[in-house]
Amino acid sequence: MPEKGTVVMSRYELGRSLGHGTFSKVYQARSLVSGETVAVKVIDKEKALRAGAGMVDQIEREVAVMRLVGRHPNVVRLHEVMASRSKIYFVMELVRGGELLARLVAGGGRLGEDAARRYFHQLVAAVDFCHSRGVYHRDLKPENLLVDDDGSGGGGNLKVTDFGLSALSASRRHDGLLHTTCGTPSYVAPEIIGDKGYDGATADVWSCGVILFLLLAGYLPFFDSNLMEMYKKITNGEFKVPDWFTPDARSLISRLLDPNPTTRITIDELVKHPWFKKGHTKRPASSNTMKLNEEEKPANAAMNMKPASLNAFDIISLSQGFDLSGMFCCHGHSSRTQDQLFVTGKPATAIVSRLEEIAETEHFTVKKKQKKRQEEDGMAVKLQGWKEGRKGQLAIDAEIFEVSPSCYVVEVKKTAGDTLEYQAFCNRDLRPSLNDICWTSPATAASEKNQLPAVSEVSPLSSPRN
């Protein structure tokens, strides 16, 4: 492993060690470009590869998951991933306050109810956000909860980390359940112990219940020196609530630690519980959500009304890596993960007309961003949803580029609203409606059936190209 003072990838200077695992070590580091202080997780590639495909999958899954959920204020953010011939580097947000568990110990073993409630609010907000992205943590425990030091004296803010054991919704089997047994014994849900398949969301809720109990009581609800006895207590939901728990706290804990996953409280029910509602304020919409009443910037009057032309370098930059076959389909993605690419031989006027038809049937209004000129429709349109979604109304831009007189690329991107709702619209409505006018390569058609979120254009575990 590198030593203090080492400069990695000509970008970050490593500082003191913050911790280590079997295959990795975490350092405080400084960006040589911005001067920002970050945390860098250094993974030994050779050791990870020797550990087998499971470790490789875990590392790649962690990258994919952190990119899905890392913009939430209560989730540790992944800035970038780099790789050399021997090492993989995760550059992450530095959380200066350390583990929540250390703060718990320093406070005498347990927290006051108001402090515990504040951290629990933030934990639930992060977990709910992850679930909305189809991500289930599966290893929630105080060691994986960090607290930043915001300098306000208010105790800092919670940050969820370590997504190495997380599952994506695509990991479910045909029965709609997860089947991989994982997690830390004291925090694991009874249905995971039973190995009969489980719902990732309800399993995470159980772990949240164990964490809340620990924060309020100062000890775990389920503990025994004999692991099988402890599992028996977990399976039966056998625990005792301390005398100092308030009635509302007792009520919530009993719902969280319900051994029956079908009757266990859900997050939607949890946020309405009297104990949780005290002092809880709904988080404002994300700052990157566009204001819907914001006027469109006027198009440049000198702009050519024909579709913008793309040269070979533009096409390569829009495709996945250098495999252009991924473009000629109704399932392409640009290098920006939220953008969708469609390639067609139909003229721009036909494309715009089809988008207008989709908008009319799917509760969108259409605003053309360029006006008609000599039988050519505008080459960019905005689809504005009028239904309220998770993050307001969905807004989508579609821009048409001319590759040749018989080949057009349509780039579709979200400008406002929730990412998952946008992806659902693309999968359920947009692609099927464009299928008959788009080109599809045989390779892409075959792979569409089992599509997973891309981790990166080139896996950090793959060998560098010569």
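The backbone N, Cα and C atoms fix where each Cβ goes, and this holds for glycine too.
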In Swiss-Prot, which of 12-41, 162-191, 222-251, 402-431 is labelled region 'Activation loop'?
162-191
Name the residue range among 127-156, 277-306, 337-366, 367-396 that Swiss-Prot annotates as region 'PPI'.
337-366
Which whole-number value in Å describes the distance between the Cα atoms of His20 (ATP binding site) and Asp139 (active site, proton acceptor)?
18
To test your reading of the ATP site: which residues beyond Leu18, Gly19, His20, Gly21, Thr22, Phe23, Ser24, Lys25, Val26, Lys41, same chain only, put their Cβ within 8 Å of the Cβ centroid of those residues?
Val42, Ile43
For the domain 'Protein kinase' (12-276), what is the mean per-residue pLDDT, to the nearest integer?
84
Might you list, by sequence position, any residue in that chain lying six or more from Thr22 (ATP binding site) with a Cβ less than 8 Å away from its Cβ?
Lys47
Take the Cβ of His20 (ATP binding site) and count every other Cβ within 10 Å, whichever protein chain it belongs to.
13
